[in-house]
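If you look up Swiss-Prot, you'll see 1-58 marked as transit peptide. Summarising the annotation, Swiss-Prot assigns transmembrane segment to 112-132, 146-166, 196-216, 222-242 and lists sequence analysis as the type of evidence. Per Swiss-Prot, domain 'Fatty acid hydroxylase' is recorded for 159-286, and the stated evidence type is sequence analysis. According to Swiss-Prot, the feature motif 'Histidine box-1' maps to 171-176. Swiss-Prot lists 183-187 with the feature motif 'Histidine box-2'. Residues or ranges marked as motif 'Histidine box-3' in Swiss-Prot: 244-249. Swiss-Prot lists 270-274 with the feature motif 'Histidine box-4', giving a curator's inference as the kind of evidence.
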Amino acid sequence: MAAEISISASSRAICLQRNPFPAPKYFATAPPLLFFSPLTCNLDAILRSRRKPRLAACFVLKDDKLYTAQSGKQSDTEAIGDEIEVETNEEKSLAVRLAEKFARKKSERFTYLVAAVMSSLGITSMAVISVYYRFSWQMEGGEMPFSEMFCTFALAFGAAIGMEYWARWAHRALWHASLWHMHESHHRPREGPFELNDIFAIINAVPAIALLSFGFNHKGLIPGLCFGAGLGITVFGMAYMFVHDGLVHKRFPVGPIANVPYFQRVAAAHQLHHSDKFDGVPYGLFLGPKELEEVGVLEELEKEVNRRIKSSKRL
């Protein structure tokens with residue numbers, strides 16, 4: 001607490017308990033009559049005429065605590081105003097970034113959807129036309145090659161099943177090992193509609209195209225088996241794209257496929273693969289729930305299924 005002194009002068013007489021100019025004691029009684037004594041006559045007048053200027057001292061107390069509190073409140077108000085302004089600017093910039101991200105994701109999904117639909121329609125059309133013309137060409141002799149047709153479709157079904165086991169082995173032994181530098185892009189946030197991991201789809205398409213081409217241009221049981229194998233690889237690739245890329249990673253909408261219960265379990269199992277909870281298991285796709293059952297973690301699978309269902313309902 002600080003003290004300030006204010007001093008002012010006045011011409012008024014001040015009364016103190018003790019007169020600074022006391023009168024002689026003999027004034028208390030009647031003064032003696034002295035002739036020709038001017039001091040006796042004029043002493044009272046002199047005392048009455050003398051005036052002492054009053055000195056007033058005013059002490060002004062300054063409360064440092066109160067001053068500090070008021071200054072603190074003012075600074076707090078200014079700080080709160082600055083914080084509100086900063087938060088408002090941050091919210092605006094965040095909203096702009098979210099809008100840009102949403103627009104970019106929407107564009108990426110549309111781009112991949114167009115590519116997926118065009119490739120699927122093209123491959124499906126080519127497969128159907130190839131099957132039709134191959135068997136119609138072989139029937140020109142008048143005999144229906146039932147045995148060859150049966151072997152072709154049987155191997156097509158077997159090739160589709162076998163591709164699941166091939167994908168499981170390749171995923172574990174190659175993609176998460178020597179080819180991790182390519183597959184790693186699939187385990188990171190994607191930037192753009194495509195990723196380096198998509199090259200594996202092209203690599204798997206090469207033998208399918210070769211087998212289909214050889215089986216289409218040649219007659220006989222062996223060419224028929226090759227044609228069936230290429231057809232099975234093609235069907236598996238299309239199913240893998242819609243379930244893995246569309247349903248699991250939501251690179252494009254898949255429609256009613258998302259409501260199929262078994263496909264929901266497949267998607268949840270593959271999501272557990274990306275969580276690395278069980279050393280990467282499952283490495284397969286369509287038989288992923290079976291792999292989790294083998295390691296005894298079906299409870300975690302059910303939790304993930306329920307989580308995905310709740311998340312889809314919120315959307």
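Just so it is clear, glycine is given a Cβ too, placed from its N, Cα and C backbone atoms.
Listed as Cβ neighbours of the transmembrane segment (146-166) (distance under 8 Å, sequence separation of 6 or more from its ends, same chain) are residues 135, 138, 204, 215, 220-221, 224-225, 227-233, 235-237, 239-240, 284-287. Per DSSP, the domain 'Fatty acid hydroxylase' (159-286) is made up of 98 helix, 0 strand, 30 coil. Mean pLDDT for the motif 'Histidine box-3' (244-249) in this predicted model: 90.
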